[in-house]
Amino acid sequence: MPPTTPHAGKFNSCPPYGNNNHPQPQSPYRSHTAPKPSRENVYNGAYSVAENPYDVPQPHAAYRSSSVSSVNANEHHYSNSCAISGNPYSLPQPQSPRQHSTSCPGRAYRHTSNCSSSSSDQSCRNSGSSTKARLYGHSITASYGEMCYHDNSLVSASLEALIQHLVPTVDYYPDRSYVFTFLLSSRLFLHPYELMTRVCHLCVEQQRSGDALLDKIRFREVAPKLVQLLTEWTETFPYDFRDERMMRCLKDMTLQVARGDEYSWRAMQQMTQRLIKRLSALGQYEEAVAALNAVAQERPASLKSKQTSAQRSDILSVCDDPFILAQQLTHIELDRLSFIGPEEFIQSFAMKDPLENHKGFFRKRKTSNLEAYVNWFNRLSFLVATEICMPVKKKHRARIIEFFIDVAQECFNIGNFNSLMAIITGMNMSPVARLKKTWNKVNTDKFEILEHQMDPSSNFSNYRTALRGATQRSETAHSSQEKIVIPFFSLLIKDIYFLNEGCANRLPNGHINFEKLWELAKQVSEFLVWRQVICPFDRDRRILQYLVTTPVFTEDELHLASYESEGPENNMEKDSRRSLRSSLLHRENRS
């Protein structure tokens, strides 16, 4: 039976290719001291990967709130009707902030009993609001004004009530899980700039009493909580502040705070400095990726003669050890993951903003880092196919296939599922799959096991089981190597997309479906945990440079290289080769 988790049936470490005297690195599962993370830059000093712009406590931590009430197991829950990825995993899940339960994480950010005791509690601020409670078996449904709770868990509310619920007062501060959830998904309903403007305005206005001295005293008391809210916003969603209007609003609030509380003013200044530093790191990263992509756009050696391609370096001449190459792939994966903002998952399907041409916020695409990571997956797939189709000799092609199979299994052992899937995808591309004479020289047993692990049937149930196993290992890790979990990213995006599409944003009464927002936040918060891991492996600058800059074939060039490696088998393939030669020759002459 093939292994189903990283714990069961782990592959043995693969021998190096070429130099038999090369020392064999140890698997992260073996007992040894983990190497310290290297802090040298991967792309010739283009940007510092060690400086994670999101190196802050992650919002999911607040999900451990002990105030969350347990709910009857028979209660009807959102996931029964909306979640698309509920596979019946047999692997037992540990209790964790990410474990799904009928009581969504962190919902008890304001206990309903406060409504009767605190006049500042937002759910009771409306003078005309009514309180209703109904008992169903062992669960309670209650409404406070325009906010509806089920067993102390917020399930729906009007947009205005949710915005008001985010505003801190002297004796109230929203639970951190609510802050993260609403800041993440509010962009489905209004622009971050509009939300920030309204929150800051409400926070200031509700302190006004008509007495200037009393107003100053009251604002001085609430200022630290306002600074705390803005700090969580800037540290968790810093990319929102690429909008010049957001920075201008932040500056205005700094001046407002400076009039009443020097301590809070200094905290605002420090927060702004950290924000600018993170945005600067993001700019450097984007410039580095753009430069790397420009180098990678160069075309490989001419296809008119396969002999000329022999002068080109191949992957085995750069790295002949599967474990080391898997380590370097993991570096690239974690580097690029660290720059993806959590809001990019939501903005990828958020409503189109009417101010889309505003020069500040929309000068750069709001999902550029997410798209860059997806492009990396595609590049790695095409790199694998190029390396296999390029060699003239069949023996050499078979050797490279076996090498990439071993790299893929080492990625599996590490927990790097994205590189694993990219390699499998590259080896299953039709220009590679049709090389039957080459594949006949390859032992495909290990490859078939890996394909079984990533089999898309039953909504990738085998992969999801392995991912849960890797996540459980990460939660109990004793070394930084065991913490690594890099999901198959395209499937993660698909899950979040269908979760959004499968459930309405608003209920028939016009309320926002906050159950859905909890689920979106739960999936994105899990990604934040995986993203914050620093890769513990030593960097190899030469290998990294090769992986991200070496030119790769286009799909047409791959097909032609495949035909030149192993000739056409039928008239259709002969016609295809003739057409490709003509098309590519015409393209070269034009360029």
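Every residue, even glycine, has its Cβ placed from backbone N, Cα and C.
Among the features that TrEMBL reports, region 'Disordered' is placed at 1-41, 84-131, 564-591. Under the heading compositional bias 'Polar residues', TrEMBL lists 18-30, 84-104. According to TrEMBL, the compositional bias 'Low complexity' annotation covers 113-130. For 150-280, the entry in TrEMBL reads domain 'N-terminal Ras-GEF'. Under the heading domain 'Ras-GEF', TrEMBL lists 321-568.
Secondary structure of the region 'Disordered' (564-591), assigned with DSSP and counted as helix (H, G, I), strand (E, B) and coil, comes to 22 helix, 0 strand, 6 coil. Each residue in the domain 'N-terminal Ras-GEF' (150-280) gets a DSSP state, and the totals come to 99 helix, 8 strand, 24 coil. Within the model, the domain 'N-terminal Ras-GEF' (150-280) shows a mean pLDDT value of 92, rounded to a whole number.
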